[in-house]
Structures are given as structure tokens and as C-alpha cells.
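Listed in Swiss-Prot for this protein:
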ACT_SITE  162  active site, charge relay system
ACT_SITE  210  active site, charge relay system
ACT_SITE  311  active site, charge relay system
BINDING   176, 178, 181, 184  Ca(2+) binding site
DISULFID  29-78  disulfide bond
DISULFID  39-68  disulfide bond
DISULFID  45-79  disulfide bond
DISULFID  104-230  disulfide bond
DISULFID  147-163  disulfide bond
DISULFID  278-296  disulfide bond
DISULFID  307-335  disulfide bond
DOMAIN    28-79  domain 'Clip'
DOMAIN    114-360  domain 'Peptidase S1'
CARBOHYD  108  N-linked glycosylation site
SIGNAL    1-26  signal peptide
């Protein structure tokens, strides 16, 4: 059995196991390495989050053994006390691999059906990244935020190639809610980009292979409001065309065609349509390439879609209590124009040949 399959099997068993740590009371516990701790939600346990972000799959067995219990399918783990934190680096490993539930894709917010675009609430999309660009004539100014992305590991952000190819792109901000206010309760992380990995077959100005990965200069510290999204690596997701599903898209893009970007993080839910229907919609546009490497989502009547500034952001599918990224915002006609769905790079088409190798 491969390492990935072993990990998946290991995590799948957690829900059926009794707690593996010794729990002395409702709060106190003993960690797998015999340190005193308290049972907390994994999203607020900094030592285990640090282990997860730096050691990835290598941390899986220790994390599995740290489970105290589950509450509403959310793992409660034995979090070491402050004096025990020097022992957190127990495991070895520095490869960045796709994380699996429950270590990704968890949102603090219950998402009901969104029938129209609306502002997101704090903690709803902890993996959403705003991409920052330098002003060519005045690099000292604050970044210009004009593309989106998603955190997929502690060092990698997934985005669109047509965003990554711009020379002025240099920084990402993750976990923000309002890009200009500091009183929104968010605690965003802003980290510069070390390198850009653009799909080798992408050609500037052409809509094919519109996908890229940004490697950051340092680890992103996971927290309650900064957390990665899951990639659709399981077979039941890889082999799904997602037609008639209603995924979410979120970003700080324009609210109208050629309008200014939104300061507030906005979200909308859109239905995935067939590629045949999508191809017919874009038949008169020679530059539109609707192939099996993209998926399309939107309403026939228009009015709800990703827009300028949302480019590179994630199309997010909820499965039970976990969100998976199934698309990357690529292009559309105007902004939520009637008869023209949004076109997204299909993540499952690029997992093995591009995304996973680029994360190593």
C-alpha cells in the first residue's frame, strides 16, 4: 500500500475508533508522548497545527493518536500545555503533500444555500488568498489586490496562470475579510512569494492550462482563520464531472462589469453545467477553449458569477463538513452576463501532472 493510501485509510478509521488519548476529565488529557494537555478543537491547537503545516503526512499518525473525541464531525485533540510545546517536533518530513480531512477544508461557518452574492462572514473561507501586485510607477505603495488564490499547503497557493504571469505579483494575503479595514476581526497573514510555477503549456493570452502555484518564502501559520482547503484527490472526486452540483466561489472581485473591486470578501453559489452547454454558449468566441480540462458554472439568467479580481480564486465544493477545491476561476464574458457561465480550470485534470509535482 502506498503512503498516500495508508494515510487515507488511517484517517478514515479515526471516526470509528474510541479516543486514543487518556482523558482524565472533560478537559485534561495526556498526549501520545505522555505530556499533559487539554482537549481542544484542532483549529485552536497551535502545536498540532504547526506540526501539521511543517510535516504534512508524516504527522498523520501522531494526530490520529491525539484525538480525544469528535463533536459534530469536528476533531477534538489533546493539545499539549504551554510547558510541553518544546516536544512538538517529534516527527520528521518536509514534503508538501495534499492534506486530507480533517486537516483541511474545514470552515467555522455553516453554509446554507446562497441564492445571490453576499458578503462572507469571518472564518467562512480561511484558505482564500488575495494576490498583491506592485504599482509599476510607485513600488512603495500598498499592494494592488487584483487576483485571488487558495492556500493548499503551508507553503503553496493555487491560482490562475494569467495572474501568476504578471511580473508585479509579489505577495499574498490569507485569511482576510475586508481588505482596507482593521476592525473586522480578521487576523490575516501576509507573506511574499518565493517562486511562481506556471503550467508549462500555458501561453499568455490563451485560455488553456490556466493554472499556477505560488510557493511562499515561509510557512503560513495555521490558525482558526487561516487554514488550507482540500484538494480532490480521492477517486470519487477525481472521477466526478460535478454537473448539477452547487459549489461556492468567493473573492474580492468587481461587483459589476469593469466596476471597482470589492473591499469585502463576497461569496456566491453557482450550479455546474455540462461542458456541452458551456461550449455552445461560447461558440462565437474563438479564444474560448471549452475542453474536458475546464468546468463551467453559472445561471442562465446571469447575475451571479465570479468577476474581475476573482481570477485565480477557488471554486469550492462542500462534501459533508469538508470543502474541496474543484476549480480555479479562469474567465467569462463580461461579468455574470446572461447566457455565459463562468469558466474554471478543472483541478482534477491537473492533479497528477502538475499540482502534486509542483508541491514537492
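Here the Cβ of each residue, glycine as well, is placed from N, Cα and C on the backbone.
Taking the Cβ of residue 278 (disulfide bond) as centre and 10 Å as the limit, one finds 22 other Cβ atoms among all the protein chains shown. Of the candidate recorded positions, 162, 178, 184, the one lying closest to residue 296 (disulfide bond) when CA atoms are compared is 162.
Summarised by DSSP class, the composition of the domain 'Clip' (28-79) is 23 helix, 20 strand, 9 coil. Rounded to the nearest whole angstrom, the C-alpha distance between residue 162 (active site, charge relay system) and residue 78 (disulfide bond) is 43.
In this structure the alpha carbons, written CA, of residue 45 (disulfide bond) and residue 176 (Ca(2+) binding site) are 20 Å apart. In sequence order, 177, 179, 180, 182, 183, 186, 263, 264, 265 are the residues of the same chain, not among 176, 178, 181, 184, whose CB sits within 8 A of the CB centroid for the Ca(2+) site. Per-residue pLDDT, averaged along the domain 'Peptidase S1' (114-360), amounts to 90 for this model. Sequence-distant neighbours of residue 108 (N-linked glycosylation site) (same chain, six or more apart, CB under 8 Å from its CB) are 43, 122, 123, 124, 126, 224, 225, listed in sequence order. Each residue contributes its Cα atom, and for residue 184 (Ca(2+) binding site) and residue 78 (disulfide bond) those atoms are 30 Å apart.
The local packing around residue 176 (Ca(2+) binding site), expressed as other Cβ atoms within 10 Å of its Cβ over all shown chains, amounts to 23. Within 10 Å of residue 39 (disulfide bond), counting C-alpha to C-alpha distances, fall the following of the recorded positions 78, 79, 147, 163, 278, 311: 78, 79. In the three-state DSSP classification, residue 230 (disulfide bond) falls within a strand. In the structure as shown, the Cβ atom of residue 29 (disulfide bond) sits within 10 Å of 25 other Cβ atoms.
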